[in-house]
Amino acid sequence: MADTLEFNEIYQEVKGSMNDGRLRLSRQGVIFKNSKTGKVDNIQASELAEGVWRRVALGHGLKLLTKNGHVYKYDGFRESEFDKLSDFFKAHYCLELAEKDLCVKGWNWGTVRFGGQLLSFDIGEQPVFEIPLSNVSQCTTGKNEVTLEFHQNDDAEVSLMEVRFYVPPTQEDGVDPVEAFAQNVLSKADVIQATGDAICIFRELQCLTPRGRYDIRIYPTFLHLHGKTFDYKIPYTTVLRLFLLPHKDQRQMFFVISLDPPIKQGQTRYHFLILLFSKDEDISLTLNMNEEEVEKRFEGRLTKNMSGSLYEMVSRVMKALVNRKITVPGNFQGHSGAQCITCSYKASSGLLYPLERGFIYVHKPPVHIRFDEISFVNFARGTTTTRSFDFEIETKQGTQYTFSSIEREEYGKLFDFVNAKKLNIKNRGLKEGMKQSYDEYADSDEDQHDAYLERMKEEGKIREENANDSSDGSGEETDESFNPGEEDDDVAEEFDSNASASSSSGDGDSDREDKKPAKKAKIVKDRKPRKKQPESKKGKDPNAPKRPMSAYMLWLNASREKIKSDHPGISITDLSKKAGELWKAMSKEKKEEWDRKAEDARRDYEKAMKEYSVGSKADSHRGERLKKKKKKQEKQVKGKGDKKGATSKSSSSKSPAKGMSDSFKSKEFVSSDESSSAESKKEDSEDEGAASPPPSSEDSASGSD
């Protein structure tokens, strides 16, 4: 028998929602990894107490009960997999996988049984339904009645919010069955009550999401954000990950808390809590516990009295209470030496941090993308300028993230990082050996070593070295981080035309002066065609037939008002998206109808274009004849003026005057762009000595036309 069983497309039921993921059964226990959040549930084989197989809505399901009362439900199995699972449970867990079907009688009275984290409503020996008590947000009592209220499920379209149980009175004295029922529920329910004093309080912390200044009160089981307008209570069980990220200015720090389920403010959901600290802020902290309690609970991770930077104190306390590692940036260093990249996402500027196991963007909106959910990345040319580029990430679920306006100098650093992490790069294509070597069932924030702890140790060593010899250390850092020669080489490689400008700084001033006129000549050459553009636009005839519309545009013009009436208040962009979805979903027969209309419109356009082209040719010929006639009239007037000016000369001297006027006239004809072939022949005859009066030459030219 195999030592492991693996199942894809398995759904775990958590607080009423079905989370897609992968399930692995091994000798050591049961592991389930959530595909959406990357969270891993690990159940040790020694903790399993019972296994139940039953028919559910999505086929067949497996319910596992642990010895400490926790219940895990997994759906999506096929009926044929029961024998394989049953044999595996017997061989490795020494458990009998029991088959229990739910009661479907439809009765609404029965008995309630509390077992671990479950409330089971039974009819006879068969359960009708089960309620995980961790889903209960409140429990209230009335006369012979108990009301259970549930947490809202954001992933489901419809959520069950309330269930009422009628509890009949009993004859036993001193025992109220309603109160006993409510106490059983409240003992296991996820009801947050601020009982007792807070362990510590951080005052007036700057919070970016949700925006504002909040007092953070640390309780043993939850975090209380108290602001001027809103209050939030965040159980530590909802914290997925902790991040500590240095700002690019090296003066501030981001502390990011990833939450699932998110906190709510009206219809807004906050999946990340982002705090901003200044590195200069210090604090002295005293925990509201005695030293023995601190030592017993935190085992040396915290002490009663602590002092240091504010961000260090907050991160240290959160790490101890949540019991999760803090993720910090890895070995990546950008062009400026920072551990992040300035970019834009959804029209907001922010910082993208390449981590050891993913990317995180802060802060509006915050985005965390794990490497194991990335299908491929793509380096795209910037849409507005060549000085920047876009970095695109597409996940295996088909979601695309585009981080734009990244400086061109960051390209090499980011490409090397992506290449080292063996992510698929779309531009290069899928190559052998680039397959990711991640464990499919490893938690996304679990590293082999604690990066945050290692970083704290390194900072301590640096402080000691700086105290011993500060001047030498600072000089070495500046020499390593600033290499102007390398920057110049990069520019010369990317722009070959300016390679000589960056080759050497020892060239004389005369060389630089020689280069300047060349640049000016380039600008002049580029501007010449721009001056001609308005002339070509003027030549566009407004009377020309318009191009025909496509089938989609014809349908959109006919359906636009209907879409607006069906979705009142819809924006232009949303209307375009909706129209695209409707067109895509349209049947082939309906699309053919609009294709026929588009074909008819195309034929009409071609017919109109033929008529227009014939008419435009006739108009152009007519216009050319009018221009020629007008020029001839102007030349006649000039010829008469020359004759009137020669009043003092004899008839014998008129012939040279005529020759001069003819030569003047021929020069004018030669310079004109629209001179006819007949006129050029006449000029040749005049050069040979054939004297003829100007009117006769013009008449002959008109006759030749």
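In case you wondered, yes, glycine gets a Cβ from its N, Cα and C as well.
Note that TrEMBL annotation is computational and uncurated.
Some features that TrEMBL has for this protein:
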- 458-552: region 'Disordered' (REGION)
- 474-496: compositional bias 'Acidic residues' (COMPBIAS)
- 497-507: compositional bias 'Low complexity' (COMPBIAS)
- 517-531: compositional bias 'Basic residues' (COMPBIAS)
- 532-544: compositional bias 'Basic and acidic residues' (COMPBIAS)
- 545-613: domain 'HMG box' (DOMAIN)
- 545-613: DNA-binding region (DNA_BIND)
- 609-705: region 'Disordered' (REGION)
- 624-633: compositional bias 'Basic residues' (COMPBIAS)
- 634-645: compositional bias 'Basic and acidic residues' (COMPBIAS)
- 647-663: compositional bias 'Low complexity' (COMPBIAS)
Per-state residue totals over the compositional bias 'Basic residues' (624-633) - DSSP helix, strand, coil: 10 helix, 0 strand, 0 coil
Restricted to the DNA-binding region (545-613), the mean pLDDT of the model is 87
Quick check on the DNA-binding region (545-613): DSSP residue counts for helix, strand, coil, in that order please. 56 helix, 0 strand, 13 coil
